[in-house]
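Enquirer: Sending over a structure as structure tokens; questions will come in a sec.
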Amino acid sequence: MSKLGVVLFTLLLLVPLVTPERDGGKWTMLAKNKKAMKRNLMDFITRTCDPYYCNDGKVCCPEYPTCGDSTGKLICVRVTD
């Protein structure tokens, strides 16, 4: 048997030993956290930017990156020196 075959066979034997009941759910929690992190990252990446308003969870575009308050409305502005 090749080295890869031995490693795969060993991993197959260890899988039943690491179940959520025996490890206190640590592996399950890690998998769930990883999925949530991926989902949040994809939500952030796919979120479209708004060049004018930054309320209701909208994100300002890079051209006007700063969210500022103008008479109660949150607008995207560019701060210059």
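For all residues, glycine too, the Cβ spot is worked out from N, Cα and C.
Copied straight from Swiss-Prot:
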- 1-20: signal peptide (SIGNAL)
- Cys49-Cys61: disulfide bond (DISULFID)
- Cys54-Cys67: disulfide bond (DISULFID)
- Cys60-Cys76: disulfide bond (DISULFID)
Enquirer: Which residue, of the disulfide-bonded residues Cys60, Cys67, has its CB surrounded by the fewest other CB atoms within 10 A?
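Expert: Checked Cys60, Cys67; of these disulfide-bonded residues, fewest Cβ neighbours within 10 Å: Cys67.
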Enquirer: Do you know offhand how many angstrom separate Cys54 (disulfide bond) and Cys61 (disulfide bond) by C-alpha?
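Expert: Answer for this pair: 9 Å between alpha carbons.
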